[in-house]
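Engineer: Here it is: the structure, laid out below.
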Amino acid sequence: MSANATLKPLCPILEQMSRLQSHSNTSIRYIDHAAVLLHGLASLLGLVENGVILFVVGCRMRQTVVTTWVLHLALSDLLASASLPFFTYFLAVGHSWELGTTFCKLHSSIFFLNMFASGFLLSAISLDRCLQVVRPVWAQNHRTVAAAHKVCLVLWALAVLNTVPYFVFRDTISRLDGRIMCYYNVLLLNPGPDRDATCNSRQVALAVSKFLLAFLVPLAIIASSHAAVSLRLQHRGRRRPGRFVRLVAAVVAAFALCWGPYHVFSLLEARAHANPGLRPLVWRGLPFVTSLAFFNSVANPVLYVLTCPDMLRKLRRSLRTVLESVLVDDSELGGAGSSRRRRTSSTARSASPLALCSRPEEPRGPARLLGWLLGSCAASPQTGPLNRALSSTSS
């Protein structure tokens, strides 16, 4: 064991992990190679998808409260996707962290920042729609884009605050076989005289706090908000959910499915300090459910598209319309704006991946890529039925 490992106080479960040897089974190596390929593809998809969502929603659409929520969700997912290539590298070099202690802390902090930010933002979206339906007059007077951005900044600050313990206790630990772990070491700060008790109490506190704050409480807020909205809409005789409601439901379901198993294994890991029999199960399952949580950031942009009606029938035509409407000179938008705005299917409706919900128009000649690049984010915001549909969250 290296000097680095012997000088650091370690919890019993961490000491046992440091003594585990690397595997030499051929079938397991094939699984590792497949995992590297899968994570590499997921990181590429996540970066591209969330980058497109950020650009389209932030630069090519009229800013509303709803687009503000989507913008910050995509930013959180982009951060998580940006950290995924480094996790892929960790897998590729044989499950050994070769990027140093500081980057180990930063990489893990991004994972937990995304976890808290996603839960907080989904809660805010649900409360926003609840206020729109239950307190429409108040929402009309106070629900603004500036207020939504301020709420998001507060939620980001809370997410950063909750991430601090995971930054502090993350560390690199050398294994007997020469590999390096990037993992919790809850004895880094003030271990105390009874190390076993300190390990158990701190690990339980971390697992329970993130389960409550990043998962259970957000889901409770989302469920109660949905129940309040459903009751109010039933009194109004409106039963069919709007497009944005279906989008939120899909994103929340993906959040629960991707993050739920991680929290279960995190709680099992905390229990494994006192119950060594759980440790093999945790060591086998925790890497898998951690990857599943990462993939939530890749799934969300896809859900923005798949929640639209008649997606399979319109997918091919709609994607072509999306590209042709975005790759167009700004002067063409201005010159033909008056006639094109009168059309039911305007280019503004197809200015984002969410435009699969709209009816695509026929192509209008070759795309003007250079003009679009020169226009970029400086183009004037486009308005149209898509933005009106996104803004009408209670429809």
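One is the number of the first residue shown, and numbering goes on along the chain from there.
Placed from the backbone N, Cα and C atoms, the Cβ positions cover glycine too.
The disulfide bond feature in Swiss-Prot is assigned to CYS104-CYS182; the stated evidence is sequence analysis. The N-linked glycosylation site annotation in Swiss-Prot covers ASN4, ASN25. Annotation comment: Swiss-Prot describes SER331, SER345 as phosphoserine, evidence class similarity to another entry. Residues or ranges marked as region 'Disordered' in Swiss-Prot: 333-363. Sequence annotations record features per position, and here Swiss-Prot assigns motif 'Involved in the recycling of CRTH2' to 330-333. The topological domain 'Extracellular' annotation in Swiss-Prot covers 1-33, 90-106, 169-210, 270-288 and is backed by sequence analysis. If you look up Swiss-Prot, you'll see 57-67, 128-146, 232-247, 309-395 marked as topological domain 'Cytoplasmic', on the strength of sequence analysis. Among the features that Swiss-Prot reports, transmembrane segment is placed at 34-56, 68-89, 107-127, 147-168, 211-231, 248-269, 289-308, with the record citing sequence analysis.
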Engineer: Quickly jot the same-chain residues contacting the transmembrane segment (289-308) by Cβ under 8 Å, restricted to those at least six beyond its ends, or write none.
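Structural biologist: Beyond its ends, the transmembrane segment (289-308) has Cβ neighbours at 35, 39, 42, 45-46, 49-50, 52-53, 70, 73-74, 76-78, 80-81, 84, 87, 111, 114-115, 118, 243, 246-247, 249-251, 254-255, 258-259, 261-262, 264-265, 352-354, 356-357.
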Engineer: May I ask for the residues of the chain that lie six or more residues beyond the topological domain 'Extracellular' (169-210) and have a Cβ under 8 Å from a Cβ within it?
Structural biologist: 1-2, 4-5, 8-14, 17-22, 90, 94-98, 100-101, 104-105, 107-109, 112, 115-116, 162, 263, 266-267, 269-270, 273-274
Engineer: Give the nonlocal contacts of the transmembrane segment (147-168) in its own chain as ranges (CB under 8 Å, at least six residues past its ends).
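Structural biologist: Contacts with the transmembrane segment (147-168): 65, 68-69, 72, 105-106, 108-109, 112-113, 116-117, 120-121, 124, 128, 184, 188-189, 206, 209-210, 213-214.
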Engineer: Please work out the helix, strand and coil residue numbers for the topological domain 'Extracellular' (169-210) from the DSSP assignment.
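Structural biologist: For the topological domain 'Extracellular' (169-210), the helix, strand and coil counts are 17 helix, 10 strand, 15 coil.
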Engineer: If you run through the topological domain 'Cytoplasmic' (57-67) with DSSP, how many residues end up as helix, strand and coil?
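Structural biologist: Going through the topological domain 'Cytoplasmic' (57-67) residue by residue, I get 6 helix, 0 strand, 5 coil.
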Engineer: Would you mind pulling the DSSP three-state label for CYS104 (disulfide bond)?
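Structural biologist: SS state of CYS104 (disulfide bond) = helix.
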Engineer: Measure the Cβ-based neighbour count of CYS104 (disulfide bond), defined as the other Cβ atoms within 10 Å of its Cβ.
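Structural biologist: The answer is 22 other Cβ atoms.
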Engineer: State the residues, same chain only, that lie 6 or more residues beyond the ends of the topological domain 'Cytoplasmic' (128-146) and have a CB under 8 A from a CB inside it; answer 'none' if no residue qualifies.
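Structural biologist: Sequence-distant neighbours of the topological domain 'Cytoplasmic' (128-146): 63-65, 68-69, 225, 228-229, 232-233, 244-245, 248, 393-394.
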Engineer: Under an 8 Å Cβ to Cβ limit, what residues of the same chain, 6 or more beyond the ends of the transmembrane segment (68-89), are close to it?
Structural biologist: 36, 39-40, 42-43, 46-47, 49-51, 53-54, 57-58, 98-99, 103, 107, 110-111, 113-114, 117-118, 121-122, 124-125, 128, 145, 148-149, 152, 155-156, 251, 294, 296-298, 300-301, 304, 390
Engineer: Return the count of C-beta atoms lying within 10 angstroms of the C-beta of CYS182 (disulfide bond), excluding that atom itself.
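Structural biologist: Other Cβ atoms within 10 Å of CYS182 (disulfide bond): 22.
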Engineer: Should anything in the same chain at least six residues away from the topological domain 'Extracellular' (90-106) have a Cβ under 8 Å from its Cβ atoms, list it; otherwise answer none.
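Structural biologist: Residues 22, 32, 35-36, 39, 167, 170-172, 178-182 contact the topological domain 'Extracellular' (90-106) from elsewhere in the chain.
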